[in-house]
Amino acid sequence: MSEESGSFGGWFSSWFNTSKDQESSSNLIQQQQPGTNYARNQQTLSSLRSQKQQAESSKEDTRNSPGKLVRTDTESYLDAPKTQQANNNRKVTRRLPLTNNNLVIDCPIPDRLLGALNCTERDEFSQLRYTAATCEPDDFELEGYTLRPKIYNRETELFIEDEILFTRTMHGVMKNIAHLCSLKKNSVWGPDGWKKVVVCIVADGRKVVNKRVLNVLASMGIYQAGIAKNIVDNKPVKAHIYEYTTQISIDSDMNIKGSDKGIVPVQTIFCLKEKNAKKINSHRWFFNAFGPILQPNVCILLDVGTRPGNSSIYQLWKVFHRNPLIGGACGEIRAMLGTACCQLINPLVAAQNFEYKMSNILDKPLESVFGYISVLPGAFSAYRYAALKNDVSGQGPLEKYFLGEDLHKDQHTGKKAGLFEANMYLAEDRILCFELVAKKDERWLLQYVDSAFGETDVPSQLPEFISQRRRWLNGSFFAGVYGLIHFSKIWNSGHGFSRTFLLLIEGIYNVISLIFSWFSVVIVLSFLCT
């Protein structure tokens with residue numbers, strides 16, 4: 001899990017934090033029957049529900065203390081052997097056939113989970129597909145890897161990504177997919193609309209991923225403990241990929257929802273990276289590894305803990321479907337205010353709520369008229385995959401976007417990035433938006449969709465607020481300067497005269513706004529000094 005996704009808000013911050021005191025000294029992987037694994041995962045969910053109820057009626061310090069959970073296979077799966085004897089006991093040599101020199105295993109799901117499903121006639125419902133990827137994301141397709149939607153020759157209309165799918169986000173996504181399947185008169189969607197949607201979960205690091213999140217995923221059939229391999233054919237594994245079409249959803253109250261509650265099947269890819277490599281690397285797996293295989297029409301990005309509206313994903317997709325020139329879109333970002341807007345009592349939350357509303361009412365609609373939105377928020381945004389792809393020479397929006405990861409790698413190798421680049425790539429999503437609109441010989445536009453919204457947590461404490469804004473201010477300022485310096489790229493794009501003129505007007509507006517932002521910081525600093 002990346003550092004950017006370390007805080008979740010609400011009671012999740014209490015019950016989903018790792019506690020070293022709960023680690024068992026035993027490091028052996030116990031062989032369990034599938035039904036027993038599922039039962040223990042169910043017991044864990046029941047424990048989580050009871051702990052949440054106790055937390056809601058207790059004081060703040062009690063709510064933030066770690067809860068006592070039932071030990072599951074997921075926990076022992078991540079434990080490393082500390083003694084040579086334990087290590088020897090764990091080793092069981094099995095020879096498995098490779099598929100195109102790659103390790104691919106189809107694992108049956110637990111019997112009790114299988115018995116709770118309505119549709120079981122296809123392998124995607126009865127078997128979890130595991131792939132051990134030993135290559136970098138950019139070489140995923142070239143090394144012969146593939147994905148289930150490609151095997152089934154399914155057209156992927158929507159490709160949805162988020163780093164670690166907590167129940168609040170996942171349940172919201174599954175309700176959106178159920179809404180797509182309810183559109184019986186739509187030419188694209190309908191009862192089988194779920195076959196055109198793939199949900200991708202990218203966990204940033206096997207050792208740091210939250211084990212209780214794995215318990216939830218295991219209860220949905222998306223994950224199984226004990227099948228991951230570290231080395232395949234003397235090559236270290238870079239990522240563990242689990243594919244399953246789940247028919248079960250778990251809401252934020254740890255209640256299981258099935259087809260009787262309107263939940264439809266959802267094609268899911270769970271990519272568990274071996275090492276923590278930050279957010280941009282997770283996006284590299286999403287765009288460069290899985291994207292070329294699935295060839296999706298629209299990619300939707302969701303931040304950790306963001307809950308989309310019940311029809312917001314459809315509202316975003318509809319913009320791309322109606323206008324083939326739309327390369328990116330975003331919806332309204334709303335601050336979670338709690339029951340009866342009680343969070344507004346906190347001045348910090350109230351100020352951020354006002355800021356978000358002003359941005360959604362004034363800034364983004366105005367920029368949408370010109371066709372260029374300075375930033376599509378990563379918490380809830382969508383891109384047309386064809387617009388993001390690089391050209392035959394390897395240059396394009398994604399190439400510029402992933403330079404931020406290369407700068408991060410240079411820091412580990414001793415090479416220092418320049419001051420401008422280091423600050424600019426604190427807001428890499430702004431770079432992506434500019435490069436998309438200024439793409440050579442293309443005329444992609446960005447649009448704001450007010451009918452789509454996503455609710456997200458905002459910092460409620462001053463330290464985390466300052467940390468967030470320091471990153472935003474530095475990144476937005478230097479990314480704005482980058483856009484002005486490279487504004488001449490607009491002349492090489494495929495935009496017509498009228499659109500280029502509108503973009504020129506917006507460029508002048510951005511210059512004035514940048515100057516105002518610079519002097520506003522100086523005024524604030526001088527005020528604080530006095």
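Glycine too: its Cβ is placed from the backbone N, Cα and C atoms.
Going by Swiss-Prot, these are the annotated features:
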- 24-56: compositional bias 'Polar residues' (COMPBIAS)
- ASN17: N-linked glycosylation site (CARBOHYD)
- ASN118: N-linked glycosylation site (CARBOHYD)
- ASN310: N-linked glycosylation site (CARBOHYD)
- ASN474: N-linked glycosylation site (CARBOHYD)
- 22-94: region 'Disordered' (REGION)
- 477-497: transmembrane segment (TRANSMEM)
- 508-528: transmembrane segment (TRANSMEM)
Sequence-distant neighbours of ASN118 (N-linked glycosylation site) in its chain (C-beta under 8 A, six or more apart): GLN247, GLY258, SER259
Close approaches to the transmembrane segment (477-497) from elsewhere in its chain (Cβ under 8 angstroms; 6 or more beyond its ends): 374, 420, 423-424, 426-427, 430-431, 434, 437-443, 503-504, 507, 510-511, 513-514, 517-518
Cβ atoms near ASN474 (N-linked glycosylation site) (within 10 Å, other residues, all chains): 15
ASN474 (N-linked glycosylation site) and ASN310 (N-linked glycosylation site), distance between Cα atoms, whole Å: 34
Count of other CB atoms lying within 10 Å of the CB belonging to ASN310 (N-linked glycosylation site): 12
Secondary-structure category, per DSSP, in which ASN474 (N-linked glycosylation site) falls: helix
